[in-house]
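Asker: Before we start, here is the structure in question, set down as structure tokens.
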């Protein structure tokens, strides 16, 4: 496919040692040739492909900067088009000046994600691989980066292609049975159809099962610490973060607002939320803090419910009523001051056992991180070689395919084959959309609009 010539700064905004201007399109080499001079090469066309050439960049006769120029010929480039990269010094003024000169000589400003969009449209990568690039760029933890790298490598694409192959073969066999029913063609049996559907459903189920874990490593787990005033919520936040982020005093009600910080637990971003202690109060500011606490609980993925080891109070029971429908763990703090509560009592009132800790003495705090991890992960990801589904679009398309296949299986013995094939084709269409083999232009535009300019 041929497009016009686009250009953008591909490195982050700011000061750095090197900045890169990327040019792509059928006239990219011609455009770059108008603004550079080389002491070694007479023209840009004399510079070998993939050779790092020292050049000088000019605006007409005005010298702008020295740079390294690398050119790539289609289809062997990131976009699949002719591409030129100009690596200049990294100041924003010089980068913007070079970009302006490139635009003045025949290119246009690239839209967000347009380079990767062209790579997709030119068959350099599929849609799921393109989406993996966003995750690699935005990775906040090593775990997400590793998973995104697997997706970029094509691990997810391979699994999707395997499901598609099963469905495509099944549809072909059914249509052959319909079209050549009067000839000597073996008709596919309902049992064979059911076996293929079950195989595809099992593969889809295994992928869907990874989504909650995938979502956790991508978006983070919103984890709210709740309890009555002075139970140790702020101290817990500070200990987990290993820094003094929240103010800690012996005065109940010190924390009056919601404080959020991110904790990395073995590659999973945990958004820790310290909240105001929940109690009846006449203090207007503290009351607002309590209201914000309850709102934080509503959106929580996980709640850390803290009580004290000297006994369960009426306030504890009232607080628990607001979190009992959430995923939660129970911490029993201040064991250094004595324990007047049993696991049986905790389990009877709150539905599960608690973890006894002493923040003041740093006792059993390693169990807290372990409990958080166990509460949020659907599976053990240590040594996990499979790719995790992290993208909601992929999950929704897999669910659609699952629904169509389930419908086909339910109707297998009561509907004719031509009706059955409609559900199978719809399932295949949903599967194809994951890798972009059958996707609307609007969806493509929406996906690539999430990229930054220059990628």
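For all residues, glycine too, the Cβ spot is worked out from N, Cα and C.
Dumping what Swiss-Prot says about this protein:
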BINDING   22, 85, 124, 455  (6S)-5-formyl-5,6,7,8-tetrahydrofolate binding site
DOMAIN    220-377  domain 'TrmE-type G'
BINDING   230-235, 249-255, 274-277  GTP binding site
BINDING   230, 249, 251, 254  K(+) binding site
BINDING   234, 255  Mg(2+) binding site
Asker: Among the binding-site residues listed here (230, 234), identify the one with the smallest other-Cβ count within 10 Å.
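Answerer: Each of the binding-site residues 230, 234 was scored; lowest Cβ tally within 10 Å is 230.
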Asker: Measuring Cα to Cα, how far is residue 22 ((6S)-5-formyl-5,6,7,8-tetrahydrofolate binding site) from residue 234 (Mg(2+) binding site) in Å?
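Answerer: Residue 234 (Mg(2+) binding site) has its Cα 48 Å from the Cα of residue 22 ((6S)-5-formyl-5,6,7,8-tetrahydrofolate binding site).
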Asker: According to DSSP, does residue 230 (GTP binding site) fall in a helix, a strand, or coil?
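Answerer: Once the DSSP labels are grouped into three classes, residue 230 (GTP binding site) ends up as coil.
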Asker: If I take the alpha carbons of residue 230 (GTP binding site) and residue 85 ((6S)-5-formyl-5,6,7,8-tetrahydrofolate binding site), what is the distance between them in whole Å?
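Answerer: It is 58 Å, counting Cα to Cα.
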Asker: What span in Å does the (6S)-5-formyl-5,6,7,8-tetrahydrofolate site cover, taken as the longest CA to CA distance among 22, 85, 124, 455?
Answerer: 18
Asker: When you rank 85, 124, 455 by Cα distance to residue 234 (Mg(2+) binding site), which of the binding-site residues ends up on top as the closest?
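Answerer: Nearest in space to residue 234 (Mg(2+) binding site), counting only the binding-site residues, is 455.
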Asker: Compute the centroid of the Cβ atoms of 22, 85, 124, 455, then list the same-chain residues not in that set whose Cβ lies within 8 Å of it, in sequence order, for the (6S)-5-formyl-5,6,7,8-tetrahydrofolate site.
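Answerer: Near the (6S)-5-formyl-5,6,7,8-tetrahydrofolate site, beyond 22, 85, 124, 455, sit 10, 24, 77, 78, 79, 83, 115, 116, 119, 454.
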Asker: If you draw a 10 Å sphere around the Cβ of residue 455 ((6S)-5-formyl-5,6,7,8-tetrahydrofolate binding site), how many other Cβ atoms fall inside it, taking every protein chain shown into account?
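Answerer: Looking across every protein chain shown, the total is 21.
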Asker: Would you count the other CB atoms within 10 A of the CB of residue 85 ((6S)-5-formyl-5,6,7,8-tetrahydrofolate binding site), including those on all shown protein chains?
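Answerer: Taking all protein chains shown, residue 85 ((6S)-5-formyl-5,6,7,8-tetrahydrofolate binding site) has 21 Cβ neighbours within 10 Å.
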Asker: I'd like to know which of the binding-site residues 22, 124, 233 has the most other Cβ atoms within 10 Å of its Cβ.
Answerer: 233
Asker: Do you know offhand how many angstrom separate residue 233 (GTP binding site) and residue 455 ((6S)-5-formyl-5,6,7,8-tetrahydrofolate binding site) by C-alpha?
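Answerer: So the alpha carbons of residue 233 (GTP binding site) and residue 455 ((6S)-5-formyl-5,6,7,8-tetrahydrofolate binding site) sit roughly 42 Å from each other.
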Asker: Restricting to the domain 'TrmE-type G' (220-377), what is the model's mean pLDDT?
Answerer: 81
Asker: According to DSSP, collapsed to three classes, what secondary structure does residue 22 ((6S)-5-formyl-5,6,7,8-tetrahydrofolate binding site) have?
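Answerer: The three-state answer is strand.
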